Amino acid sequence: MKYSTVFTALTALFAQASATAIPAVRSPLAPRQSTTASCANSATSRSCWGEYSIDTNWYDVTPNTGVTREYWLSVENSTITPDGYTRSAMTFNGTVPGPAITADWGDNLIIHVTNNLQHNGTSIHWHGIRQLGSLEYDGVPGVTQCPIAPGDTLTYKFQATQYGTTWYHSHFSLQYADGLFGPLIINGPATADYDEDVGAIFLQDWAHKSVFEIWDSARQGAPPALENTLMNGTNIYDCSASTDANCVGGGKKFELTFVEGTKYRLRLINVGIDSHFEFAIDNHTLTVIANDLVPIVPYTTDTLLIGIGQRYDVIVEANAAADNYWIRGNWGTTCSSNSEAANATGILRYDSSSTVDPTSVGVTPRGTCADEPVASLVPHLALDVGGYSLVDEQVSFAFTNYFTWTINSSSLLLDWSSPTTLKIFNNETIFPTDYNVVALNQTDANEEWVVYVIEDLTGFGIWHPIHLHGHDFYVVAQETDVFSATKSPANFNLVNPPRRDVAALPGNGYLAIAFKLDNPGSWLLHCHIAWHASEGLAMQFVESQSSIAIGMSDTDIFEDTCANWNAYTPTELFAEDDSGI
């Protein structure tokens, strides 16, 4: 076996309508498959899914449900008051979070997205969805599409070949940090039984002005501490001593109500700008059954570390004394700052009529910026890494007028009007240097895999949540020491390592991820700290380039979106002033 690795080190470069936010309500996601199937999914048989089960290899097999689920999303400028402070925001259909998109494993999704913003393009990414056979719908401006121009509509179409918990969000600059996100839940089997599905619970930090107003300050170096946190789009901010007319009060805590003896499935999602949470519910144990879109062997914990973009599905049994309990976000104060870090809380009640605050005491948080231990994240479907290939790429850093991050000595800077996939469709083979393209092509029949190593050489000690589009990846190493191209690969875990689509790059360490070259496309890899992505901490893999154009099915729609964007840009009020993502 020839061992090779894609190696990248990380350095830093300094280069000078009205709607009220509402928390997502409980939505018991009842199984929708036929009850005449061989194995019905129920509270006592969650591993079943008709003719399929939790043991089915979903990378190779997708149910043919014959069902198409259609949704309409309007991207809007709105005025919202999620925590008692009124501010402008960007919303899907007027709310933060946006409406839930749900489907069953194997369903086809058709989602019409209309851009009703006055002065911005947009695009929607379906986080964690591999987009097999639908690469042009990954939703990244400058990579897989041109932005959707104001007044234009783009219809995204893809099949749900995976199942579990994820989210959709704008990938146009910093828009998701201004409210453009919502839950995407694909029903399927699970590794443990439960009675009720609570649905998505979002954790995030929240500013009291648009992040675009903060951007000029943020890119000068250390990002500012934001004013508050939200849990499922709501929280309380103390306006009692404020003279600010926008501080109107009236916020509320996110609440859950449990019935004693019932087991609940919670779908936890960190959609923060610059936040790391350690979720917990006082006096309750979390049974973790999935990370990102990968079912895992269940394990129990008192607290759960959740990086930006990551999702965990947990089961919580209502077995405590009937009382009120704090639901704790547990802000990672050693990872980033927030003015109301201690306020990242919600309330669990056993009596829905109760209105008093809990007096419960939580466990001591671990207080780390890391992921959950890799030893805990064991995929239920056991898969190994095969023969892989190597590319070594070094980096450098420089200082100019403002802060940017670099990968391979280059900070990502995309041209929204000329996405990578369009260049490939037009038979272009040379890409701009600041597109940060790494070509991946299988040249040896025994090397179907690539291992990509990203190493933090900045000395800052910041942990970065790294997200790859187009693939679940295998976490073969996640270390706080220095990577050695000659020695470190010998310690890679190639036997059923954790699989997911977001994993933390340790500060001053390295992250090694493996994935199979089985999905031709232009796939973005980036830090999911919003400031860092805008500051260029990203690159893209052009995988199996010769197969990309022939894999595109809706080329007319793809080209029409670019034509409409190019017709709009001469009147564009706000020019691109970040990486584009």
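Glycine is no exception: its Cβ is also placed from the backbone N, Cα and C atoms.
Cβ environment of His125 (Cu cation 1 binding site): Asp138, Gly139, Val140, Tyr168, His169, Ser170, His171, His469 lie under 8 Å away, each six or more residues apart in the same chain. Residues or ranges marked as Cu cation 1 binding site by Swiss-Prot: His125, His467.
Taken from Swiss-Prot, the feature Cu cation 3 binding site applies to His171, His469, His526. DSSP assigns His171 (Cu cation 3 binding site) to coil, not to a helix or a strand.
According to Swiss-Prot, the feature Cu cation 4 binding site maps to His464, Cys527, His532, an assignment based on similarity to another entry. His464 (Cu cation 4 binding site) falls within a strand when secondary structure is assigned with DSSP.
Cys146 (disulfide bond) carries neither a helix nor a strand DSSP state and counts as coil. Using a 10 Å Cβ-Cβ cutoff, Cys146 (disulfide bond) registers 29 neighbours. Taken from Swiss-Prot, the feature disulfide bond covers Cys146-Cys562, and the record attributes it to similarity to another entry.
Feature annotation from Swiss-Prot assigns domain 'Plastocyanin-like 1' to 74-191. For the domain 'Plastocyanin-like 1' (74-191), the DSSP counts in helix, strand and coil order read 7 helix, 55 strand, 56 coil.
The feature N-linked glycosylation site is assigned by Swiss-Prot to Asn77 (among others), with sequence analysis given as support.
According to Swiss-Prot, the feature N-linked glycosylation site maps to Asn93 (among others), an assignment based on sequence analysis. Its Cβ placed at the centre, Asn93 (N-linked glycosylation site) has 16 other Cβ atoms within 10 Å.
Residues annotated as N-linked glycosylation site in Swiss-Prot, with sequence analysis given as evidence: Asn120 (among others). Other Cβ atoms within 10 Å of the Cβ of Asn120 (N-linked glycosylation site), summed over all protein chains shown, number 22.
Marked as N-linked glycosylation site by Swiss-Prot: Asn232 (among others).
For Asn283 (N-linked glycosylation site), the count of additional Cβ atoms within 10 Å of its Cβ stands at 18 [all protein chains shown]. The feature N-linked glycosylation site is assigned by Swiss-Prot to Asn283 (among others), with sequence analysis given as support.
Residues or ranges marked as N-linked glycosylation site in Swiss-Prot: Asn343 (among others). Secondary structure from DSSP puts Asn343 (N-linked glycosylation site) in a helix.
Residues or ranges marked as N-linked glycosylation site by Swiss-Prot on the basis of sequence analysis: Asn408 (among others). Packing around Asn408 (N-linked glycosylation site) is summarised by its Cβ count: 19 other Cβ atoms lie within 10 angstroms of its Cβ, all protein chains included. In three-state terms derived from DSSP, Asn408 (N-linked glycosylation site) belongs to neither a helical nor a strand segment and is classed as coil.
Asn427 (N-linked glycosylation site) has a Cβ environment of 7 other Cβ atoms inside 10 Å. The N-linked glycosylation site annotation in Swiss-Prot covers Asn427 (among others).
The N-linked glycosylation site feature in Swiss-Prot is assigned to Asn441 (among others). Cβ neighbours of Asn441 (N-linked glycosylation site) (same chain, under 8 Å, six or more residues apart in sequence): Leu517, Glu543, Ser544, Gln545, Ser546.
According to Swiss-Prot, the signal peptide annotation covers 1-19, on the basis of sequence analysis.
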> Can you tell which of Asn77, Asn232, Asn343 has the most other C-beta atoms within 10 Å, given these are the glycosylation sites?
Replying inline: Asn232
> Taking the centroid of the Cβ atoms of His464, Cys527, His532 as the Cu cation 4 site, which other residues of that chain lie with their Cβ within 8 Å of it, listed in sequence order?
Replying inline: Trp405, Ile462, Pro465, Ile466, Leu505, His526, His528, Ile529, Ala533, Leu537
>> Under DSSP, is Cys527 (Cu cation 4 binding site) part of a helix or a strand, or is it coil?
In response: strand
> Which residue, out of the recorded positions Cys527, Cys562, shows the minimum number of other Cβ atoms inside 10 Å of its Cβ in this structure?
Replying inline: Cys562
> What does DSSP assign His532 (Cu cation 4 binding site), in three states?
Replying inline: helix
> For His526 (Cu cation 3 binding site), what residues in its own chain, 6 or more apart in sequence, show a Cβ-Cβ distance under 8 Å?
Replying inline: Leu412, Ile466, His467, His532, Ala533, Leu537, Ala538, Met539, Ile581
